[in-house]
Amino acid sequence: MTTQVVNVIGAGLAGSEAAYQIAKRGVQVRLYEMRPVRQTPAHHTDKFAELVCSNSLRANTLTNAVGVIKEEMRLMDSVIIRAADECSVPAGGALAVDRHEFAAKVTEYVKNHPNVTVMNEEITDIPEGPTIIATGPLTSPDLSAKLKELTGEDYFYFYDAAAPIVEKDSIDMNKVYLKSRYDKGEAAYLNCPMTEEEFDRFYEALIAAETVPLKEFEKEIFFEGCMPVEVMASRGRQTLVFGPMKPVGLEDPKTGKTPYAVVQLRQDDAAGTLYNIVGFQTHLKWGPQKEVLQLIPGLENAEIVRYGVMHRNTFINSPNLLRPTYQYKQRDDLFFAGQMTGVEGYVESAASGLLAGINAARLVQGEEPVVLPPVTAMGSMANYITATNAKNFQPMNANFGLFAPLEKKIKKKVERNEAYAARALETIRNFVNI
């Protein structure tokens, strides 16, 4: 057994998973959790892996990417998924848990491991020696300041302002056209043209749609220079036509005329399977958001892989800062995990902790850190946060659009997703003993 100790800062989903993975590999862990000494605005207990929002870990089927990532984690002996399975409550095809039992179970498994020492204190500086930072979206101000100092002001963010992302295969290509404004450079945008009548229908639905209520600690985010599309719309219908939906320079090649308004879609991934809706950061609830977006010509049947969000979320610019091993590029023994890395969601956060934990243990044991291939769900997430365009980087949930493309194109969605899942699970089995 190595005498080196790994520091894990934060006992949320990612930190708890990381600590467990390190400990089970025979490495000592110091797990720092500032609760209950200092609470966050969202937490209510001193338990590890407290679920502060929904009690659902989302889909549990293999036709959904988050279901695949769960199955990969089961094969890799994830403490988070084991506890979730043991504390599950009826939820149809989803995995939902009794949140109190779940947090208690994770706390018990991690705290009682002989290689884990729990330190209930706030960390305000980045420790020397092997360390995983998994402090989550509500990282304390003092540590945030140190992380900002470490990563550089331009690479450290305090809130999400993400536009929705759709699957290219679900866009009606007969209704959209490829063009850049004024034909500058290569044709890089898919354009969804609107008549005045279509715009009016869209506008009325947008301003009437229900928004997510802001929590007290989130109320400052709209003053940071990034405004939700529905707030812009509330200032008058022309605000959008002269803003994110301006049609000038975007003549429709089919008619030769300039539409009344245009919604632009920009490629979001290297493979060209995902497109984001430009300028559509939003605080709409997901149900109404889908209804509004499907009023856009060409997006009537759009598959939304990430909904637009605006919320408090401390995260780093991982493409500039991290390797797909979750190591910090400038310091081999420093790892990041959880939502701070730009993975979005309970399961994705835990999965990043699993891989960061495995790699931290391997590092102190003198072994090479592991990069999971992007044909796996966990590997595709690590690849997304480290290889995507750094300039427009925003957090992302697991989705099949991030997976490496299949060798053979499969038209039917369910069959295609099953093929992604089968390939992922076949591949991950090669890594279960690392």
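Backbone N, Cα and C define each Cβ position, glycine as well.
Taken verbatim from Swiss-Prot:
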type: BINDING; residues: GLY10, ALA11, GLY12, LEU13, ALA14, GLY15; note: FAD binding site
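Overlay of Swiss-Prot annotations on the structure.
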residue	record	Cβ contacts under 8 Å, 6 or more apart
GLY10	FAD binding site	TYR32, GLU33, ILE133, ALA134, THR135, GLY136, GLY338
ALA11	FAD binding site	ALA19, LEU31, TYR32, GLU33, ARG35, PHE48, ALA49, THR107, VAL110, VAL118
GLY12	FAD binding site	PHE48, ALA49, GLU50, ALA134, THR135, GLY136, GLY338, SER349
LEU13	FAD binding site	ALA49, ILE80, GLY338, TYR346, SER349, ALA350, GLY353
ALA14	FAD binding site	ALA134, GLY136, ALA337, GLY338, GLN339, SER349, ALA350, SER352, GLY353, ALA356
GLY15	FAD binding site	VAL8, ILE9, LEU31, GLU33, PHE48, ILE132, ALA134, THR135, ALA337, GLY338, GLY353
Cβ-centroid neighbours of FAD site GLY10, ALA11, GLY12, LEU13, ALA14, GLY15, 8 Å, sequence order: VAL8, SER16, GLU17, ALA18, PHE48, ALA49, ALA134, THR135, GLY136, ALA337, GLY338, SER349, GLY353
